[in-house]
Amino acid sequence: MDSFEVNKILGAVLGTLTFTVALIIGSDMLFGAHAPEKPGYELPSPAETAGAGHGGGAPAAAPVEPIANRLAVADPAKGEALTKQCLSCHSFEKGGPNKVGPNLYGVIGNHHAHLEGFGYSAAMKEKSGEQWTFEAIDHFLENPQAAVPKTAMNFPGLKKPDARANLIAWLNKNSDNPLPLPPPTAPGDAAAPPAGGAPAPAAPAKAH
């Protein structure tokens, strides 16, 4: 075998070794374990953990203005427009018929379950000694089932506080004896009670 053939064989062997070494080094760089820059486990910052529980830090709902404050700026005309959604179940004119739900003329200031001859639910009858104050009807319109559990009223609730105030302002006017509006509360005064809570005192109910 001449020297040329020997050099070819040695060159091939050397090239293979060089490629193998380079492959090993490259694999270690790509897939090898790397020590962290700082030893130990790095804890998340307080800003990252704040509000992590209870729904992942969803922002709390803004407090609702008391009904007295909302009534001070309410628009009864907008409230009357809302009653169109209720006409399939309620009438609103004086002496109007009961439908699926009772006639609602003069309801503000009256007692729960005050209309004789209407088939109120047992849950509503249990509250017959309580008045439909501004606060009470605000809570009921927001969530009927929460305000009067097991009520027969199949309505999910009017969720917008301003819309409820508009409707309540009109319902109060739709009466022989509208109640005087409560004075707005100053900042820092007690907030409105939660749904289903004890209502504030109201004027005596008128007789029916």
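The backbone N, Cα and C atoms fix where each Cβ goes, glycine too.
Curation plays no part in TrEMBL annotations; they are all automatic predictions.
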*asked:* Of the ranges 77-109, 176-208, which one does TrEMBL flag as region 'Disordered'?
replied: 176-208
*Which stretch does TrEMBL mark as region 'Disordered', out of 41-61, 146-166?*
41-61
*Mind tallying the domain 'Cytochrome c' (74-175) by DSSP state, helix then strand then coil?*
41 helix, 2 strand, 59 coil
